[in-house]
Amino acid sequence: MSDAIDPDRIERAVEHALTRRKDYGEERLDEGRLAPDPFVQFDLWLAEADDRGVYEPNAMVLGTIGADGTPSSRTVLLRGVDDRGFVFYTDRSSRKGLALAANPTATLLFPWYLIHRQVIVTGAAATVDDDESDAYWATRPYGSRIAATASRQSRPIGSRAELEDRVRELEEEYSGVDDIRRPERWGGYRLRPWRIEFWQGRTSRLHDRLVFERDADAGPGSPWRVERLQP
Ligand SMILES: Cc1cc2nc3c(=O)[nH]c(=O)nc-3n(C[C@H](O)[C@H](O)[C@H](O)COP(=O)(O)O)c2cc1C
């Protein structure tokens with residue numbers, strides 16, 4: 001079989017994608033059934049996404065703005081949520097970490113396509129404290145802790161072999177030792193939201209969009225306004 005890409009096949013794939021128009025179901029999101037607290041509403045939807053088979057329902061797309069104003073996005077995993085905000089862990093010297101240091105305003109998007117739902121959270125990200133990062137670090141498998149120590153996330157490296165060598169060196173250094181020190185550059189962020197949008201797909205593209213909003217400097221427990229947006 002030839003490795004050449006068949007242009008007809010590409011054309012067919014594009015056509016298939018374009019014509020596979022899906023109409024969404026009869027589910028609705030109305031003000032009467034909305035939880036008064038967006039974190040409660042989020043917990044309900046997250047549990048439903050999980051029950052209904054969404055793959056990695058805690059995967060979310062983090063959007064940031066770099067120091068030069070360039071937006072960028074990537075997937076991270078939600079590791080905790082309560083009325084203080086949404087927590088994820090990463091390398092703070094990564095591209096996203098540098099962006100958040102320059103501009104803490106960020107978005108999180110949960111793309112639950114399978115159940116025709118989307119949640120978009122906007123707020124300010126702040127680092128979680130060392131004790132909280134240490135506690136989460138300790139729950140990570142040995143291999144993930146070694147990998148996070150070996151990898152200077154987002155920086156170029158000459159080859160895969162170079163990275164694997166570094167992992168081997170660390171495995172020797174920590175041979176028989178489970179207590180791997182958390183690198184200072186690795187830790188959590190908590191995004192404290194001031195806007196949370198719940199989107200429910202409906203038939204004929206007449207979707208439901210309900211948005212919770214409050215002032216950017218409002219503390220946990222302060223009241224939210226709810227607004228319906230046109231689809
Ligand atoms: C499903 C999935 C989950 C991910 N979870 C994380 C995560 O929790 N933390 C993280 O730093 N990177 C995670 N990544 C990798 C990021 O998407 C990204 O490649 C990495 O963080 C570097 O991003 P940056 O260069 O924009 O900083 C995940 C990727 C995928 C596809």
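Each residue's number is its place along the chain shown, starting with 1.
Yeah, the Cβs are placed from backbone N, Cα and C, and that goes for glycine too.
A TrEMBL annotation is a machine prediction, not a hand-curated record.
Among Arg79, Arg84, only Arg79 appears in TrEMBL as part of the substrate site alongside Arg21, Lys22, Asp23, Tyr24, Tyr136, Arg140, Ser144, Arg205, Leu206, His207.
Mapped onto three states, the DSSP output places Ser154 (FMN binding site) in coil. With respect to ligand 1, the binding-site residues Arg74, Val76, Arg79, Arg95, Arg140, His207 contribute Arg74, Val76, Arg95 as residues with a C-beta closer than 6 angstroms to one of its atoms, given in sequence order. Nearest Cα neighbour of Arg140 (substrate binding site) among the listed binding-site residues (Arg74, Leu78, Tyr89, Ser154): Tyr89.
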